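One structure below.
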Amino acid sequence: SVGFKAGVKDYRLTYYTPEYETLATDILAAFRVTPQPGVPPEEAGAAVAAESSTGTWTTVWTDGLTSLDRYKGRCYHIEPVAGEENQYIAYVAYPLDLFEEGSVTNMFTSIVGNVFGFKALRALRLEDLRIPPAYSKTFQGPPHGIQVERDKLNKYGRPLLGCTIKPKLGLSAKNYGRAVYECLRGGLDFTKDDENVNSQPFMRWRDRFLFCAEALYKAQAETGEIKGHYLNATAGTSEEMIKRAVCARELGVPIVMHDYLTGGFTANTSLAHYCRDNGLLLHIHRAMHAVIDRQRNHGIHFRVLAKALRMSGGDHIHSGTVVGKLEGERDVTLGFVDLLRDDFIEKDRSRGIYFTQDWVSMPGVLPVASGGIHVWHMPALTEIFGDDSVLQFG
């Protein structure tokens, strides 16, 4: 049949199927493809589908031992990007059976593992994923979600306020705790470890945990409110990370924190499971995200990393500020903020949402506006993010 001769063959013979009707259980991906000169877009799109599923560069006899039609990724639609020359959006459908249940790690290994170094492509960006209910239901999702968090904190109808303790590196644990107390006593709901505060020589993690817990309880007693400090549990090994989370639980604090991209999705999912089992909230920082999402034509858009985090598990995630940036960015940011919080999000290309996403009652994640914001930004922030958000100053 076509496409099964010996030698190097065109991917589009097998993997470009414009007549394909997507299934409700398929994982759908939208890639922004920039082919090398002379490579037709159909071939580039099919190459992406092939390399991220069952394809290899030639036909091998073991292909006959399985059903390619059942397991292959399919490029089912290609459209040029308006206003860009030689850029196309390639839509790829992956059969559900290609992925291990409950593993964001495996999902990314399959979809973006190999294909980004591909010779036929000058650049490639994963713009969006549609996660079908059949797959999202194999994930626990956020440890608690927005509603449970508000119940735990007894704080309703407003954004939560936080700040990061500065200078982020160099304070002793005792002085760090002092700063935490002053901030919480002054009226903030949360204070935060900086993402690079782990366990350095000038402040070991256990000392910090103890002094922060003391600050927390003192501020709680004096204000009559529930307070939190995001204790950064990120560590060099997953076991050490869980050890720190256990310590936080034993101290009775409400929330811990993790750098999910540098720590990795496997570690993050383990921590999220621990947090749900033990009543800890989980604050997620996105350190390293710009390495992956900053280039417009290559990498992975943050909305995909945000969806992955909602599946892997986290109660808060940093999601940019919008303030003072371009207007277009505002709509795109609001698009993935909705993907984090809402249950059902309609396809809306103007906001960068390529697929309708149904989370089938998976708990939501609070977006955190953080980085370079101050009190003059408050009106804009409340208008943009609404009540269900964390405004993180400092």
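We number each residue from 1, going along the chain as drawn.
Including glycine, each Cβ sits where the backbone N, Cα and C put it.
Because the structure is a prediction, the values reported are computed rather than measured.
Residues or ranges marked as N6,N6,N6-trimethyllysine by Swiss-Prot on the basis of similarity to another entry: Lys5.
Residues or ranges marked as substrate binding site by Swiss-Prot on the basis of similarity to another entry: Asn114, Thr164, Lys168, Arg286, His318, Ser370. Cβ contacts within 10 Å of Asn114 (substrate binding site), excluding its own Cβ and spanning all protein chains shown: 12. Asn114 (substrate binding site) falls outside any helix or strand according to DSSP and counts as coil.
The annotation active site, proton acceptor is assigned in Swiss-Prot to Lys166 (among others). Annotation note: Lys166 (active site, proton acceptor) sits in a coil segment as assigned by DSSP.
Sequence annotations record features per position, and here Swiss-Prot assigns N6-carboxylysine to Lys192. Mapped onto three states, the DSSP output places Lys192 (N6-carboxylysine) in strand.
Residues annotated as active site, proton acceptor in Swiss-Prot: His285 (among others). Long-range Cβ neighbours of His285 (active site, proton acceptor) (same chain, at least 6 residues apart, Cβ-Cβ under 8 Å): Glu195, Asn232, Met257, His258, Asp259, Tyr260, His318. For the recorded site, His285 (active site, proton acceptor), the DSSP three-state label reads strand.
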Checklist outcome for this item: Cα-Cα, Lys192 (N6-carboxylysine) versus Thr164 (substrate binding site), nearest Å, comes out at 5
